[in-house]
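Trainee: First the structure, which I've put down as structure tokens, then a few questions once you've had a look.
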């Protein structure tokens with residue numbers, strides 16, 4: 001999967017010049033993050049980390065990832081409406097994982113009261129790597145689907161322009177013209193705007209529910225600006241603001257239309273007042289993104305259960321072609337539930353840990369376990385119900401490529417890298433009618449091979465652009 005600039009990588013003077021241009025272009029285009037020192041202030045900002053050169057991506061696999069996204073949108077929506085499936089699938093997990101258990105308790109309470117919400121907005125990102133088989137042929141394999149930690153749709157909308165500038169400086173204008181247009185921030189905003197329209201109140205506002213630390217605010221501002229351009233008012237609040245000031249009227253109608261936006265991952269433990277705020281939101285008529293059932297649909301245990309024979313057929317009856325497209329992206333996924341099946345796969349992973357990834361029920365990157373660390377954790381919990389809070393997945397093994405990873409205050413050096421492709425999906429459902437179902441753009445992230453896990457927000461991966469080959 002070599003890109004047509006292997007020669008450039010050996011030209012140190014050209015690389016130095018291109019890197020200088022690239023940093024200025026990133027600042028000019030708005031590929032920005034707040035600094036670690038001042039994460040809640042925009043007085044001093046810096047460029048978000050990115051690759052110097054776009055990375056080669058097989059065109060057939062790129063097209064495959066786009067083609068299956070609407071199917072994944074339908075699947076996530078179907079799971080969120082299937083109380084029995086979520087109850088059965090998460091039965092063992094909620095006994096040992098407090099975070100998932102608390103989400104599930106709120107979900108059940110809301111169902112018992114009766115759903116007030118009638119408009120449902122789903123924004124997700126399905127992430128893949130290109131697994132190289134024994135014969136070296138790459139295959140698209142899904143890592144996970146994020147139903148809440150689906151960030152960087154804004155900054156990646158601006159990254160291709162940076163790479164286009166770099167290629168032109170390097171004398172590769174024709175290659176620059178082949179970089180794909182990409183605007184997830186617009187695609188995601190279209191979904192939010194449609195849900196806002198269906199909510200039926202011109203005075204309603206979109207509320208971004210944000211974390212206490214907001215380094216990645218410019219990524220979110222890209223989506224906000226798309227909404228302001230459509231004359232939709234946006235406000236930003238934290239969970240504690242909702243707890244202190246939020247209320248519902250007798251019809252469970254809040255003063256705002258809520259867009260639940262926590263794109264950089266959920267903290268593993270909430271304060272009790274945050275859980276109370278989440279319950280208030282879920283009981284309301286407001287549109288939540290995601291609502292709590294959709295967040296549960298994104299757990300790793302659900303991902304593992306989907307790989308069992310017959311599961312997709314029960315969730316998507318009559319959609320044979322969609323099921324085939326979805327199943328073609330699955331890597332091997334294994335349950336660690338108590339019993340013979342779980343005992344056997346745990347023993348296999350302990351004996352050969354480099355074959356697997358151990359995944360907890362979290363989104364946002366930086367949580368998975370590999371190699372010796374995987375073996376140590378599994379040995380510790382192999383006979384404990386605690387192991388059911390994890391799943392095992394076959395380790396995907398992509399073909400590395402050389403690139404430069406540009407980070408502020410870091411030396412310029414070439415690295416052996418691997419990439420991860422994410423496709424954004426957006427859907428809107430009113431009662432039982434699907435009124436929007438789209439792929440909304442893509443995100444390519446690249447990291448040095450010595451880092452096993454972690455995304456851009458975690459400080460490991462950097463933004464990239466695909467160059468189709």
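Cβ coordinates are placed from backbone N, Cα and C, and glycine is handled just like the others.
Just so you know, TrEMBL annotations never went through curation; they're auto-generated.
So TrEMBL lists the following for this protein:
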- 125, 220, 445: substrate binding site (BINDING)
- 144, 300, 359-368, 370, 393-396, 420, 447, 453: ATP binding site (BINDING)
- 144, 146, 363: Mg(2+) binding site (BINDING)
- 204-297: domain 'Glutathione synthase substrate-binding' (DOMAIN)
Trainee: Cα of residue 360 (ATP binding site) to Cα of residue 125 (substrate binding site): how many Å, rounded?
Mentor: 18
Trainee: Would you please pick out, from the binding-site residues 395, 447, the one with the fewest other Cβ atoms within 10 Å of its Cβ?
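Mentor: Relative to the other binding-site residues in 395, 447, 395 has the fewest Cβ atoms within 10 Å.
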Trainee: Nearest by CA distance to residue 125 (substrate binding site): which of the binding-site residues is it, out of 146, 370, 395, 447?
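Mentor: If we rank 146, 370, 395, 447 by Cα distance to residue 125 (substrate binding site), first place goes to 146.
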Trainee: Quick one: Cα separation, residue 146 (Mg(2+) binding site) versus residue 370 (ATP binding site), in Å?
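Mentor: The separation of the Cα atoms works out to 20 Å.
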Trainee: Taking the Cα atoms as reference points, how far is residue 395 (ATP binding site) from residue 445 (substrate binding site) in Å?
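Mentor: For residue 395 (ATP binding site) versus residue 445 (substrate binding site), the Cα atoms are 18 Å apart.
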Trainee: Ranked by the number of other Cβ atoms within 10 Å of their own Cβ, which of the binding-site residues 125, 445 ranks first?
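Mentor: Compared across 125, 445, the most Cβ atoms within 10 Å surround 125.
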